[in-house]
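TrEMBL annotations:
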- 7-26: transmembrane segment (TRANSMEM)
- 38-54: transmembrane segment (TRANSMEM)
- 74-94: transmembrane segment (TRANSMEM)
- 100-119: transmembrane segment (TRANSMEM)
- 167-197: transmembrane segment (TRANSMEM)
Amino acid sequence: WNHLCRFFFVGAGMMGWLLIYLSIPAKSVQDGSLSQSMILYQLFCLLYILDYFVHEEYMTSTWDIIAERLGFMLVFGDLAWIPFTFSIQGWWLLNNKVELTTAAAVANCFAFLIGYLVFRGANNQKHTFKKNPKALIWGKPPKVTGGKLLASGYWGIARHSNYLGDLLLALSFSLSCGISSPIPYLYPIYLFILLVWRERRDEARCAEKYKEIWAEYWKLVPWRIFPYLYK
């Protein structure tokens, strides 16, 4: 029951974000202020939100559903924080005109693409492994620590590669707004703090649950989120 409730609130929050997402370009078109930056930001958001609903099943193997407690933080975060905070770049672009150079727009698309490949790829690998531990990872049999922990693919590069992908996606949303103001960057800054904190909580939970297996995995994959930067 708790898992079902968590699943419901996350989905409701994403639906709220979708409704706000749809209202922002409508207002922009109404005002005649639709810009390249707005189109780029809206395209990124659309792909991200649609990806969630297409791969909704994969949420069943994420921290939000497995380990997060059902309480005020989760309910408020899903129903209020996600839709209103994750759309802050759109609100900012409605009142601030930004003209990105071609190079900046291409670099922004590149950041989104890399973020998406890492985020979706890592989550897909974890979910596939949970369903079929013998499924190939990048065309090879998976390396498994203690018979339980995947140490191949993205999960052989960093212990939370999916968080890195999510951060790159959040950054790409904000880069659509240029660098003239810190306001559009509140979302990736908040997400960075949240994911580092969540990663620490998850590490503690895994260390208690898997004990020596986790210690072995920790030595095999020493990087937490950012490969070669953050242990």
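Positions of Cβ are set from backbone N, Cα and C atoms, glycine also.
For the transmembrane segment (74-94), same-chain residues at least 6 beyond its ends with a Cβ under 8 Å from one of its own Cβ atoms are 6, 9-10, 12-14, 16-17, 19-21, 24-25, 27-28, 31, 33, 35, 37-38, 41-42, 45, 64, 68, 173-174, 176-177, 181, 183-184, 186-187, 190. Tertiary proximity for the transmembrane segment (167-197) is limited to same-chain residues at least six positions away from its ends with a CB under 8 Å from its CB atoms, namely 37-38, 40-41, 44-45, 48, 85-86, 88-89, 92-93, 96, 98, 100, 104, 107-109, 111-112, 114-116, 118-119, 160, 225.
Long-range contacts of the transmembrane segment (38-54) within the same chain, counting only residues at least 6 positions beyond its ends with a Cβ under 8 Å from a Cβ of the stretch, are 14, 17-18, 21, 24-25, 28, 87, 89-90, 93-94, 100, 105, 108-109, 112, 116, 120, 169, 172-173, 176-177.
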